[in-house]
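Below is one structure, written out as structure tokens; the observations come after it.
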Amino acid sequence: MGNWVVNEGLSILVILVWLGINIFLFVYYYIVYLDERFYYTRVLIGDALSWARAPAACLNFNCMLILLPVCRNLLSFLRGSCQCCSRNITRQLDRNITFHKLVAYMIAFHTAIHIIAHLFNFERFMDAQLEQNETIAYVLSQIGNGDNMLYLNPIRTNETNPTFVAFTTIAGLSGVASTLALILIITSSMEVIRRSYFEVFWFTHHLFVIFFIGLVIHGVGEIVRGQTASSVLTNKPSNCAAQYKDWGNVPDCPIPQFTGNPPMTWKWVIGPMVLYVFERLVRFWRSKQKVVITKVVTHPSKTLELQMKKKGFKMEVGQYVNLQCPSVSQLEWHPFTLTSAPEEDHFSVHIRIVGDWTQQLFEACGGEKKEFQEAWKLPKMAVDGPFGTASEDVFRYEVVMLVGAGIGVTPFASVLKSVWYRYFNNDTGLIPKKIYFYWLCRETNAFEWFADLLQSLETQMLERGNADFLSYRIYLTGWDEAQAAHFTVHHEEENDPITGLKQKTLYGRPNWENEFKTIAGNHPGARIGVFLCGPEVLAKSLSKQSINHSDADPRGVHFIFNKENF
């Protein structure tokens, strides 16, 4: 438990504070609508009033938060500003997408409660109009039929139905539009949709504009109403409720008057909305800056490398950019990790060809053509970024574990290139003293594009007499018996038959228990940064091992887990 607190304590504190605020708002506003001012409202619709209004307050709070984790420029600025602070603070910024999802789930939860409560409310409002003449519910429903009277029941006639009212009022229409938009946003954000049909996820996610418009105007109709402050003084429910038949005829009990609550949502969301609009303007301005493709490389492993230049472009290791190719799609933007180092005079990305957009980009760049392509024939590109990620913190640890799965090795290409340049330039300020690099791939072809970089690093470290600085393990997780026989025959050769490296390729999956145990034994008392770019299953495994092998003693070894999020 102590190790878990060391690694996850601040994250859990943030979640507990967020949950605490949600609980406080729910309870507080539930009690507010038990006030005497809403006594007559509760006579009509009962406790469903509080059950509708309490989640509405929580919705306001969470809708205030939902846009902040996706303001990438704001997060990059905060990450840069927090570099002098605790590593745990910057790690929270790296979990922005996780928090964004949690807030979205909370919005869906409170939306469901709010809708269900209002369904009961409208039914009871309708029932009140259909009551017999002598009941208080019927009398309250008739208030406001004359001139200059403030009504309580939003259903003004018994010759209608709740469904018609819901679709002919501002509150009803805006609520239906917001709910439909929210359903489409959440369902299209499922992992299977996002991975297989990114375009569906991308376009439906922009329905958040409709969601927020509906949210802001939802309260304009003032469906939920209560007694005015002056009316409470003249028609006190505790004294006058029993005399409802004589209201207006008894001096101490005039006919009560009612008013709706003014819309409050805009006060909660106006700040984040302004921030997000400014964020989009910055992105739009940057996306219009000229980008020149200087080199296109087609790697055998269905991977396209683009080398580009852009005036004023500055990056750090492990950062990513959003790319748009107007000739492929005018609207779609896709995130890709930068594989170049800050020391290079260009920036590059490696794109695995796995979907429609990447295939069309591959063809537009002449990836299927064998002959040399003229630069002016290459498609125009728009680049937004760079944006900060967890990999920026690699150089803050003396001991580092880098774990990449498949194309997930891309951020570590940037890291290892930067290490190579710093060694070449004799950088005495290089903090990492030991790097453990793990790369897991299913197919042998996936190793091809990255092997040259590892060979350069391997040679450089040997020449400088520091071969122990970089320890790497390459794992082939998908292989058959024929491949195994071939590898066995060539196993005694000096270099590996797949990668050409001196370090032999390993087969199967790493035994993370043993790996963590060995590294912990080699570096007692160290704080070891564990960085992953790969699937969630692997993330859970590495996170668990980081906790299990961290020493409860403050002077002992601690593994700090970090994961890339897009």
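In case you wondered, yes, glycine gets a Cβ from its N, Cα and C as well.
Across the domain 'FAD-binding FR-type' (283-393), DSSP helix (H, G, I), strand (E, B) and coil residues number 21 helix, 39 strand, 51 coil. Taken from TrEMBL, the feature domain 'FAD-binding FR-type' applies to 283-393.
Through the fold, the transmembrane segment (12-31) approaches residues 5, 50-51, 53-58, 61-62, 65, 92, 99, 102-103, 106 of its own chain, all at least 6 residues removed from its boundaries and within a Cβ separation under 8 Å. The annotation transmembrane segment is assigned in TrEMBL to 12-31 (among others).
Feature annotation from TrEMBL assigns transmembrane segment to 102-120 (among others). Tertiary proximity for the transmembrane segment (102-120) is limited to same-chain residues at least six positions away from its ends with a CB under 8 Å from its CB atoms, namely 15, 18, 22, 45-46, 48-49, 51-52, 55-56, 58-59, 62-63, 65-66, 69, 175, 179, 182, 185-186, 189, 223.
Among the features that TrEMBL reports, transmembrane segment is placed at 164-188 (among others).
Residues or ranges marked as transmembrane segment by TrEMBL: 200-221 (among others).
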